[in-house]
Every structure is written in C-alpha cells, then in structure tokens.
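I have placed the structure first, in the form of structure tokens, so that the comments after it can refer back to it.
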Amino acid sequence: SVGFKAGVKDYKLTYYTPAYQTLDTDILAAFRVTPQPGVPPEEAGAAVAAESSTGTWTTVWTDGLTSLDRYKGRCYHIEPVAGEENQYIVYVAYPLDLFEEGSVTNMFTSIVGNVFGFKALRALRLEDLRIPPAYTKTFQGPPHGIQVERDKLNKYGRPLLGCTIKPKLGLSAKNYGRAVYECLRGGLDFTKDDENVNSQPFMRWRDRFLFCAEAIYKAQAQTGEIKGHYLNATAGTCEEMIKRAVFARELGVPIVMHDYLTGGFTANTTLAHYCRDNGLLLHIHRAMHAVIDRQKNHGIHFRVLAKALRLSGGDHIHSGTVVGKLEGERDITLGFVDLLRDDYIEKDRSRGIYFSQYWVSIPGVLPVASGGIHVWHMPALTEIFGDDSVLQFGGGTLGHPWGNAPGAVANRVALEACVQARNEGLDLAREGNEIIRKARK
C-alpha cells in the first residue's frame, strides 16, 4: 500500500524515551502533571513533550521531510509526587535548535505556549527550567548587575532601602515629588513609583519625572548620598516606553522601572538593552505574577519567571518577603533568591530547585523584599536576605505618625543597627527586638 498509517496515535510511542541521556545543550523542564482519570502518566508526559515541541495528534507527510529524532522534545523521566494522588513530576528535554537565540518570548511560546489547555491533562505546572550555558550566552541579561550597581551608588556592606510612594494613585506630580523628597532626605536610598503609576490624567509621566528628579537632586545635595527614584517607564507601546526612558536619562537620574509581565518579555528585553547602553539601572516589578504562579498545581512557578527575567534583563526584581503580607515560603523563596544572585546553584529539591543552574557570569539581580513589611521585620529581613537585597517599606515608611522623613529615619536607623549587630556576631533571630529597641533611643 502507498503512504503511511494515518489516524490518532499514542504520543508515548514517539515522545516517551526513558533511556534518553540528556545533553549539556538541552533545555530541561520539570512539569507537575495531573492527568485526566484513565490517562496513564507516560502518555500525559509524552503529550506535554510533543505539544511543546514538534508534535501533533497524527502522523503528517511532512514528518518525512525532517528529522524528528533531532528536533523532538523527549519525556525522559517521570516520578510520582509524594502525598498527592495522580500527580507526577514529568521531565522533558528540548534540543537547543528549537529556540531562537536571545528570545525569552520564543522560549516561553515553545515550552508553555500551547500545552496548558490540553484535554488529556487536568492541570499542568511548569516547576523549573534548566537553561544551558549555550543558550544563556545568547542573552545580555541584567543591564548592570549587583556589583556595578553598588559602584554606581557607592553603597556597600548593607541592604539598600526603598519605599513605594502611597497613595499610589491620585497625587498630583508636585505633591508626589514632595513625598519622594521627604523619604530620600530621611535616609532611604530609593523611592518607587507603584506598578500602576504610568501616565494618568491626574499625573502625566513627564510632570512626575521632572518633580521626582528635582526631589532626587535636592535630597542628594542635602545628604551627600546618591539617591534614586524608580521612574516607571511602562507604557502602551515599546516606542512610548523608550521615549520615557530617554527622558529619564536626559534628566540624569540613575534608575527606571518596568512591569515585566504585563509589559511582556519583548518590551522588557528592549528596555534592558537600552538601559545597558545608556547607563540606567532597571528595577523590575512582577505585577500579574500571582495570576500565573499562585496555584500549586497549575501555571508556572515564580522561580521560572525569575530565571526568565535574569535572561531578559533587570537589576532588581520583587521576590516576596517571607515575613510580610504576601505569600511565600522561606526555603522556596530563598531558592529563587539564590537563582537571581548567584553564578551557580546546585540542585536541591528541598528548596524547589529541580536542576543545577550555571549562569556563565551573567550578572546577578538584586531581590526586592516588598509588601507589608515594617521596621520590626528588619532583623528577620537582614538575616534572611543578607546584604545583596533591597528592602522596601511603603506603608512602613509613610505610615509613621510624624510623617515620611521620620519614617525613613526609623527604617535607616533600624537597618544600620541590625547590620552592625550582625557584624558584631549577635543573633538577629533571637535578639532582633532588643536591637531595635536599643536603636530607638
């Protein structure tokens, strides 16, 4: 007979390959798969591998025109999740040739673009990705990184302090600038536009940039320290976003900001390249992350979004607090904090790290602890996050009964006291409250 056998085929015949030895150049993914009742895990795992690489539901004649063995994703290992019924961790290896160089957008479109609506699966979560050095080297990464940022700001040996200006919407540009000035004058290193401050009728972006720049220069002159305000350049188009970044550079301010998930990875990488070329630091807010990462069995874990950001580019990224008002488990949070900062991270399942990750000297990103934290959390934050971090107190600064500047003073005094106590060998976890009480005098 002519032709090939058509019809619906089991994915596992082609895409389940338990004998496969992964290559150093493969992108590896760990998926948490919950198959529909009656679907065997091998078939579910193979379906994920197929649909996120070369597969479709049947044999097509054009399969004969290429080498599936060279290009197909492979499900190479499956393990049941302890304590969960009918849930598996499925490991998939993708050949490097499937991905465009230097494009986080293309990487995500391939790996998570189509499989999440798949009928054979009840739920699917991407838990981790191993990005090989061969692919990492095609990305610029963060515009500057931790060390260059410290050198630009001339601030060493302690976490940096920030504050989100509240109320986040409704202030005029002039009053917004006043709030910025008071915080910086009191001793903070940075203040921040909230993620949804773009260019609204009550405060257009250009007015805000001008008044914030004035506040920065005034506070710098008064304190003798370098100050910054994260000017949110996020906009409706890439062109408008770059226009705002250009204006920030012309004002001579040190840092701009972007909402990387709502803005998108293409826009983010564009801005990161501009920032490196023009000496601007880039602060990244993760607005919308919980839509993607909050469900335990469906979506994408934040550690994957954090890795993607380090490739796409950003000097700071919000990464949870462990102690504040938003969700985050300590070991898991510290796992992706290390993924942001360190050059090499060892596989450690207790911290949710499924693969060892080598960043080949792509610069590190400062994790930002923000959300419901205040001065009494300072000892815990100093201990948990260490020096290479940004601690951001919004209400924890502006909520001070005497005003913004005293609120900023309180945070700076508490931070300096905690760092000094730690350097003197005191136990911050045990003696934290006492350290803060002493500093208050």
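Just so it is clear, glycine is given a Cβ too, placed from its N, Cα and C backbone atoms.
Per Swiss-Prot, N6,N6,N6-trimethyllysine is recorded for Lys5, and the stated evidence type is sequence analysis. What Swiss-Prot records for Asn114, Thr164, Lys168, Arg286, His318, Ser370 is substrate binding site. Taken from Swiss-Prot, the feature active site, proton acceptor covers Lys166, His285. Annotated N6-carboxylysine per Swiss-Prot: Lys192, in sequence order, evidence recorded as sequence analysis. According to Swiss-Prot, the Mg(2+) binding site annotation covers Lys192, Asp194, Glu195. Sequence annotations record features per position, and here Swiss-Prot assigns site 'Transition state stabilizer' to Lys325 based on sequence analysis.
Of the listed recorded positions Lys168, Lys192, His318, the Cβ environment within 10 Å is emptiest of other Cβ atoms at Lys168. Within 8 Å of the centroid of the Cβ atoms of Lys192, Asp194, Glu195, where the record puts Mg(2+), the same chain has further Cβ atoms from Thr164, Ile165, Lys168, Asp193, Asn196, Val197, Tyr230, Asn232, Met257, His285. Asp194 (Mg(2+) binding site) falls within neither a helix nor a strand when secondary structure is assigned with DSSP, and so counts as coil. Thr164 (substrate binding site) has Asp194 nearby among the recorded positions Lys5, Asp194, His285, counting only those with a Cα within 10 angstroms of its own Cα. Of all the recorded positions listed here (Lys166, Lys192, Asp194, Glu195), Glu195 has the Cα closest to the Cα of Arg286 (substrate binding site). Using a 10 angstroms CA-CA radius around His285 (active site, proton acceptor), the recorded positions that qualify from Lys5, Asn114, Lys168, Asp194, His318 are Asp194, His318. A 10 Å radius around the C-alpha of Lys166 (active site, proton acceptor) takes in these recorded positions out of Lys5, Asn114, Asp194, His318, Ser370, in sequence order: Asp194. When the CA atoms are compared, the recorded positions lying within 10 A of Asp194 (Mg(2+) binding site) are Lys168, out of the candidates Lys5, Asn114, Lys168, His318, Ser370. Farthest C-alpha pair in the substrate-binding residues Asn114, Thr164, Lys168, Arg286, His318, Ser370: 37 Å apart. Look at His285 (active site, proton acceptor): DSSP puts it in a strand.
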